[in-house]
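*Asks:* Pasting the relevant annotations from Swiss-Prot:
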type: TRANSIT; residues: 1-41; note: transit peptide
type: BINDING; residues: D417, D419; note: Mg(2+) 1 binding site
type: MOTIF; residues: 417-422; note: motif 'DXDDTA motif'
type: MOTIF; residues: 635-639; note: motif 'DDXXD motif'
type: BINDING; residues: D635, D639; note: Mg(2+) 2 binding site
type: BINDING; residues: D635, D639; note: Mg(2+) 3 binding site
type: BINDING; residues: N778, D779, E786; note: Mg(2+) 4 binding site
Amino acid sequence: MASSTLIQNRSCGVTSSMSSFQIFRGQPLRFPGTRTPAAVQCLKKRRCLRPTESVLESSPGSGSYRIVTGPSGINPSSNGHLQEGSLTHRLPIPMEKSIDNFQSTLYVSDIWSETLQRTECLLQVTENVQMNEWIEEIRMYFRNMTLGEISMSPYDTAWVARVPALDGSHGPQFHRSLQWIIDNQLPDGDWGEPSLFLGYDRVCNTLACVIALKTWGVGAQNVERGIQFLQSNIYKMEEDDANHMPIGFEIVFPAMMEDAKALGLDLPYDATILQQISAEREKKMKKIPMAMVYKYPTTLLHSLEGLHREVDWNKLLQLQSENGSFLYSPASTACALMYTKDVKCFDYLNQLLIKFDHACPNVYPVDLFERLWMVDRLQRLGISRYFEREIRDCLQYVYRYWKDCGIGWASNSSVQDVDDTAMAFRLLRTHGFDVKEDCFRQFFKDGEFFCFAGQSSQAVTGMFNLSRASQTLFPGESLLKKARTFSRNFLRTKHENNECFDKWIITKDLAGEVEYNLTFPWYASLPRLEHRTYLDQYGIDDIWIGKSLYKMPAVTNEVFLKLAKADFNMCQALHKKELEQVIKWNASCQFRDLEFARQKSVECYFAGAATMFEPEMVQARLVWARCCVLTTVLDDYFDHGTPVEELRVFVQAVRTWNPELINGLPEQAKILFMGLYKTVNTIAEEAFMAQKRDVHHHLKHYWDKLITSALKEAEWAESGYVPTFDEYMEVAEISVALEPIVCSTLFFAGHRLDEDVLDSYDYHLVMHLVNRVGRILNDIQGMKREASQGKISSVQIYMEEHPSVPSEAMAIAHLQELVDNSMQQLTYEVLRFTAVPKSCKRIHLNMAKIMHAFYKDTDGFSSLTAMTGFVKKVLFEPVPE
């Protein structure tokens, strides 16, 4: 059977077809409408499988699934359908033709013609062995998680090496740490992170190592080379960005210079930069009330080695962490051990040296930090779905240590920071954990938010994560609302001034991350667009700034990036094939012949693919795209000046679902009705297979509501009637045409939706909120176009009802506040547990995000160019390997 014949017989129907790809072990299996293993033999026996058709087949004993193709031949009597009693009902459209081959007969918006013609016919995606290997490698990261994997710090190892023997004998307690220092000197005589040279870091590490070796009279040649390096490079600190100064540098470096002087090291003690650093230390010390140092845990505990001559160590022992450390700093703890010989300090250091082969990181543990940042990276790269169970375990681990006042980078930390707290808050909240806004209260003072309680500074990454967390606010969370405003203003100022660099991390493209957050906040961020953007921003060589530079291999590594790129390209290839089907369907419905209709097949499919990108959501995407196209042409039909009497006949035909009623209507009305009629019937058949029951009446009801509301607006326009704001919104929230798209798609989200769910208050509430958000956003950006068509908008009505409002801008600001309040409520409803499945509520949320993205600055749906770049990124431009 030829493709054209199949399309004709299908009468505007379309089903899902999948390229061959692997469904990886451990991934939730949700393939509504896809052939099940039990159906495969049935299909083969009846010779109903086409060479290009995809079926779901399991690998015996492996627990994995893959998509395979069928043999040649089709039962001619089936006319494109399976015989009665089979498990599926309709063959997918074959994929022999590329876009190039059918471009001459299928029509899309002119803006996409050139792009579609340039698109190459990609090879079918096959079982990707490499992807399986990368997934397993990442799973090993999860399995091996303990208290965190982190690179070594010469600085901290040097302080540990300085600890004298605890039995009173002459010599070091940890002599193998001295050997590690000798073995890890770099070729130019310094110590530090080999992949990046920063003056502050190299000088600080080198000075600490030279002092340790000189203290015990070992490694004379290493000491000499280290001193030569210091003599030549101390001045280079003047050229360094102050943001790259190690943690506590102004406190610890002058103290080490005093130690070096006492050892007789030949260094330029009078250098201007050293005098400046010493002056900064004095300034900071004057601000530190020593009585408070002994009373409350502060970040100063992390740098006690810089105060070892000033503090009372016995008093400080009361602030020791449970694991024996001082705020998880090996250097600070080693210094405490020198003065107190405390057994808990010794145990902490000894365990570190065993784990890390006689060296130390700059901080340990980092268990919460590692888990949170790893989950965040996997999500932003778009590959978190492969690790749902592992991610859940990670977040449960974090929640175990969650406190009302927030968290730090390590479990049971006595000091919390806004960066880790914000990251945890956002991830926990969006995964359904109960977290409250009060966790940010200690970081808020005098209208500003800070990194640590009691401090007066901000970091770009800390405010970046605070901004992301604050965007998930619920109704009534005033502190989070303040955090959202403050962090957004802070980030905007930094970005405008080209100051997007950070004191905690040196990353590939922090400015780009900030720009995306400002342009597409959570309400407007389409998942696949975020993934594609972050693929360019993710740095496999990102380096954090602690007391020395360090790396987190479970957070930034090449395997994440390889899997993310392969996954994006795999999904994109599938999406291109599906887009071909949507364009074919649009042509078979003859919608191109409708003079009044915008051609938006590509944009409609993009909206679905950018939010429901997973391969198993294929049928949901195709239903979404078809319904979106239908709402577009219906909207144009009702808006282009069609006589109201004709509209009433059209509405009656839809209401009764009777094609005979359109016999007297113009040809274009007939084309539109039959396209709607046949497509909804086809979707009803597909939904029957997905839901195992008839939902046709629900589907017809969605379209009946839509065209009834559109007719009401047409009658208002004809009569010149201006409704009240509430009266308008009651009708316009339906006429914005989101409900048929969303609610039809829900039947293909992987869950059975019974009548109790569809009739529930929760179900109708989330749809109402989405409708309200969509209508107001559409009105704000489209009011001029609507006015030219004789239609009224919420902006116009609001101004007429509130004559005291001095300007259109103020009216819009009020309406945007309504949108914001609705989004807060929608966020709450989506993230809390209700009878409506979470995957279904996610589709509601995604529609609200789509409306924000499309109507952010302009009417992006009607515009020919506003969304072009984003569409190309998601659908047409593969990620370079």
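Just so you know, glycine gets a Cβ as well, placed from its N, Cα and C.
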*Asks:* Other residues with Cβ within 8 Å of the Cβ centroid of N778, D779, E786 at the Mg(2+) 4 site?
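*Replies:* Other same-chain residues near the Mg(2+) 4 site: A732, V736, R775, I780, Q781, G782, M783, R785, K791, S793, S794, V795.
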*Asks:* For E786 (Mg(2+) 4 binding site) and D635 (Mg(2+) 2 binding site), determine the Cα separation and express it in whole Å.
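*Replies:* Roughly 11 Å, rounded to the nearest whole number.
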*Asks:* For N778 (Mg(2+) 4 binding site), what is the secondary structure state per DSSP, taken as helix, strand or coil?
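*Replies:* It is helical.
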*Asks:* Which of the binding-site residues D417, D419, D635 has its Cα nearest to the Cα of D779 (Mg(2+) 4 binding site)?
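*Replies:* Given the candidates D417, D419, D635, the nearest one is D635.
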*Asks:* For the motif 'DXDDTA motif' (417-422), provide the mean pLDDT of the predicted model.
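*Replies:* Here the predicted model's pLDDT, averaged over the motif 'DXDDTA motif' (417-422), is 97.
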*Asks:* Taking the Cα atoms as reference points, how far is D639 (Mg(2+) 2 binding site) from D419 (Mg(2+) 1 binding site) in Å?
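*Replies:* Per the Cα atoms, D639 (Mg(2+) 2 binding site) and D419 (Mg(2+) 1 binding site) stand 50 Å apart.
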*Asks:* When DSSP states are grouped into helix, strand and coil, how many residues of the motif 'DDXXD motif' (635-639) land in each?
*Replies:* 5 helix, 0 strand, 0 coil
*Asks:* DSSP secondary structure for D417 (Mg(2+) 1 binding site), reduced to helix/strand/coil, please.
*Replies:* coil
*Asks:* For D417 (Mg(2+) 1 binding site), just count the other CB atoms lying within 10 A of its CB, please.
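*Replies:* Looking across every protein chain shown, the total is 23.
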